[in-house]
Amino acid sequence: MQRFVRAVSAVLLAPALLLGAAAIGRPPGTWGAYTSASEIKIGAVLPLTGPFVASGTYFKQGYTMAIDEVNKAGGLDVGGQKYMISLTILDDGSDATRSRSLVEKLVTDQHVNFLLGGYDTSLIEAQEVVPDQYKIPYVEGGGAASEIFKRGYKYVFGTLASIYNMGKFTMGFIAAQQAAGKLPKPISIALVWENTDHGKDYETAVLEEAQADPGAFKVVLNQAFQLNGSDFSPLLQQVKAANAQAFLSDAHLPDFITMHRQYLQAGLYHQFISYGGRGPDQKGRQALGPGADYLVAAVWWTPALKDPASQLFAQKYTQQYHQVPDWFQALSYDTARVLLLAIREANSLKGPVVRDRLSKLVMRNSLLPGGVIRFAPDGQIVAPYVMVQNTPGNTVRIIWPQKLPESRDPILPLPHAQ
Amino acid sequence: MFSAENLISVGIAALLTAGLYAIMSYGLAIIYGVMKVINLSNAGFLMLGAFLALVYFQRWHLDPVLGAFVNLPIFFAAGWIVHRLLVRRVVTALPIASLLLLFGLWLVLQNLALAVWGGEDQSIITAYTYKALPVLGFRIPVTRLIVFGVALVVLSILHFALGHTYLGKALRATVQDPVAGLLVGIDTEQINAMAFGLGTAFAGFAGGLLTLLFSFNPDFGGTFQLKSFTIIVLGGLENLAGVTVGAAILAFAESYAVLFMRASLQNVIAYALLVVALIVMPGGVAQLLSRRRT
């Protein structure tokens, strides 16, 4: 019996010891050294099943588009040598634990040189412990909570402006509409937010603005809700009881769809409604139909932007995937492009060198409003938002900032038929 | 903080939710009552019911309520087949065997839906999806009213059938004492198959109705499953009439508790009630009432 146990132990331990020996013998930052001489391996773990499947699929499309473009042009020039890019994408099923272990698997089994991020904040927070451990640069465009960048990781970079800034931007927009006489001053606000760092960022920003200007804003309800909730009816009863003039909710796409559907079914009405960055998403509009009309959202990108780069991207995306892109696809496309640019400018495939390049990088042909991507010392981008409003007929228009030539007057207060 | 109007409004919403909870828990209760099997695949059939209602709606513009009725015979047949092919073989084994089997079946159904419809959220929007009826100054969502009304009618028919037909009486007798049922000539094997079919039919029916209220994807049903467990434990595991009481307790507890606590803790109420019921009144409300009488 003892002999059997020893034999089994030997069989189980041998691969682990071999792997451990290989790991000990390998200095950090060289995990991609197994790659072939003319190929750069990039890995990403995305939610291709589970609650975030729609967003995960969009990110896959954006990453693929950016990398295909480089490969079709003959590869990426690094130090005078052309490298083809291979992209390995694994599915975490929208599960944080699986997400983290799959990112590690990409590094240790697939020997990727660089990492692209997953989607949403909770999954990014699970993934982001891996890059620093192996000194592999990681650029993400799917997590916007500022908490992601407060943990001191040096290899994590994000192309989404923070949710905190989104909250501030939304409150700034409301203040401007108060000044224009389109919304009452002071305005009472029912605030609900998902119980994650994403939601807390939004809550903090709204409360700070309300405290800073009590003559303009009065938060009469402040409630957190469970991410991926199935029934928001009791919460909406509270919203109804609060009798507010504005309804602000920070929610991800599946929760936005469920909550707004139940909001409309309950016959609620507010003069101003915003679900943070949700509303103009094609999936949301399909799921809610005319119920999504007139919603206002602060987004990182919209196909309504008329700059040439955005129009070209929207055109190429529509040709390839036969649908109109949302910010998900644009941000993931730019996220992959910013990583590739950093590799090219670093003239190296070494993780620490590319990481240093990313920290100083200025990408000037970005799709984002303003056209520039550069990272703050904590790794998160500093970039502006645009405020958009859904209009009937599945159209979206930019309503803020006014300085944008494509900006139109918002329809506020929201029509009662909403 | 809350006016009487608010509290009444919450009460109405809770009552309507109770109808929804009852209809989605009945299948689970029937199967457990007759076979003592916890049907973990209930959520999978609920989800499939929603997707089939979507198919009827997209292909033939069939209203989801009619779709739910169309689901009844289809899912009854599916349940019957699942019983004959799978469940029958493990029903006398240790409970873990049926638990694992039906959990596996749930995963198979989820992956089947994933392969056929993809993982994205789907929804059905009808002409009355966003309509509300003004009743005595309160706005009542038409969809909730329909779900409640249909649930009430279907459950009334079921109660009548259970009390006045041979099959219904045989089913109730098997719930009370399967051995005695066998001794008086009831074909318990057939009753088991019928119970599993009926339970599955209710899951498919509830799934079709839920499309009026929620968007859905292959993961749909998991949260409702937990609530259904709580409801049948509250009602008394082998007490079919208790399901309605359990559904009402959970719906009212959730709706009113959220007025005074963080909404993010909404699901905790179901867990807490489940724990309390298992410890304090494992026989549910029915046992509590019978204790008082004695």
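Using the three backbone atoms N, Cα and C, a Cβ is placed for every residue, glycine included.
Note that the structure is predicted; figures quoted are calculated from it, not measured.
Sequence annotations record features per position, and here TrEMBL assigns transmembrane segment to B:7-32 (among others). Using a Cβ-Cβ cut-off under 8 Å and counting only residues 6 or more beyond its ends in the same chain, the transmembrane segment (B:7-32) has close neighbours at 38-39, 42, 45-46, 138, 140-141, 144-145, 147-152, 154-155, 158, 171, 195-196, 198-203, 205-206, 209-210, 213, 224-225, 227-229, 231-232, 235, 237-240, 242-244, 246-248, 250-252, 254-256, 259.
Summarising the annotation, TrEMBL assigns transmembrane segment to B:38-57 (among others).
Sequence annotations record features per position, and here TrEMBL assigns transmembrane segment to B:64-82 (among others).
Here TrEMBL flags B:94-117 (among others) as transmembrane segment.
Remote same-chain residues near the transmembrane segment (B:138-162) are listed as 5, 8-9, 12-13, 15-17, 19-20, 22-23, 26, 65, 68, 128-129, 131-132, 168-169, 171-172, 205, 209-210, 212-213, 240-241, 244 (criterion: CB distance under 8 Å, separation of at least six residues from the stretch ends). Residues or ranges marked as transmembrane segment by TrEMBL: B:138-162 (among others).
Taking Cβ pairs closer than 8 Å, the transmembrane segment (B:193-216) reaches residues 20, 23-24, 26-31, 33-35, 39, 42-43, 45-54, 57, 64-65, 67-80, 82-84, 87-88, 121-124, 126, 129, 143-144, 146-147, 150-151, 154, 167, 171, 174, 224 in its own chain, all 6 or more past its ends. Positions annotated as transmembrane segment by TrEMBL: B:193-216 (among others).
As annotated by TrEMBL, transmembrane segment applies to B:228-253 (among others). The list of residues near the transmembrane segment (B:228-253) in space but at least 6 beyond its ends in sequence, with Cβ under 8 angstroms from a Cβ of it, reads 11, 14-15, 17-22, 24-26, 28-30, 32-33, 38, 42, 155, 159, 162, 172, 175-176, 269-271, 273-274, 277-278, 282-287.
Within the chain, the transmembrane segment (B:268-289) has long-range Cβ neighbours (under 8 A, six or more residues past its boundaries) at 226-227, 229-230, 232-237, 239, 241-242, 245-246, 249-250, 253-254, 257-258. What TrEMBL lists as transmembrane segment is B:268-289 (among others).
Taking Cβ pairs closer than 8 Å, the transmembrane segment (B:94-117) reaches residues 36-41, 43-45, 47-48, 51, 54, 82, 86-87, 218-219 in its own chain, all 6 or more past its ends.
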